[in-house]
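Annotated region 'Disordered' per TrEMBL: 1-87, 102-137, in sequence order. Annotated compositional bias 'Acidic residues' per TrEMBL: 32-49, 59-74, 114-123, in sequence order. Look at TrEMBL and you will find 102-113 tagged as compositional bias 'Basic and acidic residues'.
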Amino acid sequence: SAPANKAASKPKRTRKIPVGTSDYQAAWIPEGQEDEYADGDEAELEDPLGGDSTNELTREEEEEEMADIDDDVSEQGQSSKGVRFMDLSDDIEKLQLEEYRANREQQRTSGAREDEEFPDEIDTPLHIPARERFARY
């Protein structure tokens, strides 16, 4: 039969596809793009939850790495946890305090004005789901 001869004479081309790609997904990769994965990038394309990654660290290795980071900080004599304050003159401190108080008062008055204009609107806390916050209503 003629169709069988055509299929047999046509060389089968193998394609390099990312690891974990199904046949269905591989069919959607355009011709020529499968060469992009020939550089050994398969490890980057693997499922992050698969657990096959060679870049994963054990708990001990992570603790050692954190200890190394802590050592680096102490060697430099600085810590990101330390807070440094600038010594300002009394005049500058008074000016900053007055600005701070004026800003707070302005925020309070604008909040009160908004409450008068829209008394039935309330701000909901973002850390509590609305379902729980308004369950009693």
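Even glycines carry a Cβ here, placed using N, Cα and C.
Across the compositional bias 'Acidic residues' (114-123), DSSP assigns 4 helix, 0 strand, 6 coil. With DSSP classes pooled into helix, strand and coil, the tally for the compositional bias 'Basic and acidic residues' (102-113) is 12 helix, 0 strand, 0 coil.
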